[in-house]
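Among the features that TrEMBL reports, active site, proton acceptor is placed at Asp91. What TrEMBL lists as Zn(2+) binding site is Cys303, Cys305, Cys308, His333. Sequence annotations record features per position, and here TrEMBL assigns domain 'tRNA-guanine(15) transglycosylase-like' to 13-365. If you look up TrEMBL, you'll see 246-252, 270-274 marked as region 'RNA binding'.
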Amino acid sequence: MALRFEVLGRFNRARAAQLTLPHFVCQTPLFMPVGTQGTIKGLTNDQLEEIGCQIILGNTYHLALRPTSELIDELGGLHKFMNWPRALLTDSGGFQMVSLLHLADITEKGVTFQSPVDGKPMLLTPEESIQIQNRIGADIIMALDDVVRTTITGPRIEEATYRTLRWIDRCIAAHRRPNEQNLFGIVQGGLDPVLRDICVRGLVERNLPGYAIGGLSGGEDKDSFWRVVAQCTAALPEDKPRYVMGVGYPLDIVVCSALGADMYDCVYPTRTARFGTALVPEGVLKLKHQAMANDTRPIDPSCNCMVCKKYSRAYIHCLVTKDAMGSQLLSYHNLFFMMKLSSDLHASIVRGRFPEFVCKFLQKMFPEGDVPEWVCNAMEVAGIDISSCCSPFSSLPDYSNSEVPTDF
């Protein structure tokens, strides 16, 4: 095991911890931006350090295609190749195989998919996924799991759950660098509490360095989403990091942190930036709207990032439709926002002020008190009293996995 996880503070289920990895000492809760091929689009590594990024996520599938894991290994590993001194996490490659490519087929051997280069069938096995990630050299590597969206029901979910447990043993056996890289298992089981429990217990028996909750953010309703997170975090070990995969909406991160999760990743902050949208405490701000054309205010007057200090909404509005600089500035701001959210979560838990932080966060996002019912239910289970920022509701809308509909 090549990590140390020390809980520094708690509030009920929420916890703030220090996660010591081979390349960096991280503070949780933390958000990891996605650097598909060893880079965050539009930002330099110096800028990422400047805004407080602790871990970058790399996509094994894309890195294996180009520049290839063999070349990365030959040149000293991904840290040296991309000149990133802090921590890295690589996914298994399985999700991209299934989601980006047609004609993908999952069997007991592995994932068979159509090569994007010549169209020929290729096979990614648990062993090969680990071998590729061993060559890439990230601090945290992910087991190959049988990925099934939560919107799918029936026997396929059960098949994926048990296959994920069989594959974790193959991943463990193939892992050649356990003293340098930490292999995390991924909890599957769809929306079925029994299958989730079976998968959690099976993975915990393997005594892995950390655990991820997979298969979410795939279109399920929010009530189902938080209940799966709550169930899994309650059953996973107290002394190991818990990573909810594919979660990037600020509201989701606050809720999951209240339920005891530690780590998150998503393309959302940078992808939404490329569409001209900024993250702000009130929700989102769409810079492409004509109302921004003569607005001299910064994106967020309360934000201390370089973009908010130097540029107006009007200037960025002028850029977002015509110049790459617009998406670069918004990506910088959005990732600064996510890093600040992470550090604020950590500090509020350590200082024993987490409920106050949550209420302040919700009051800004929902000034009319129309906090979604799923959030209220999740916070009740988390033991966080948010009655001061909630108005009585009968049937509030469920925005599922869409953006928070704040536009001003």
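Cβ atoms here come from the backbone N, Cα and C positions, even for glycine.
Unlike curated entries, TrEMBL annotations are predicted automatically.
Positions of the features from TrEMBL, shown on the structure.
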| residue | record | CB count, 10 Å |
| --- | --- | --- |
| Asp91 | active site, proton acceptor | 30 |
| Cys303 | Zn(2+) binding site | 19 |
| Cys305 | Zn(2+) binding site | 21 |
| Cys308 | Zn(2+) binding site | 23 |
| His333 | Zn(2+) binding site | 27 |
Spatial separation of the residue listed as 'active site, proton acceptor' from His333 (Zn(2+) binding site) - C-alpha basis, Å: 25
Alpha-carbon distance [Cys303 (Zn(2+) binding site); the residue listed as 'active site, proton acceptor'] in Å: 32
The region 'RNA binding' (270-274): DSSP-derived helix, strand, coil residue counts: 5 helix, 0 strand, 0 coil
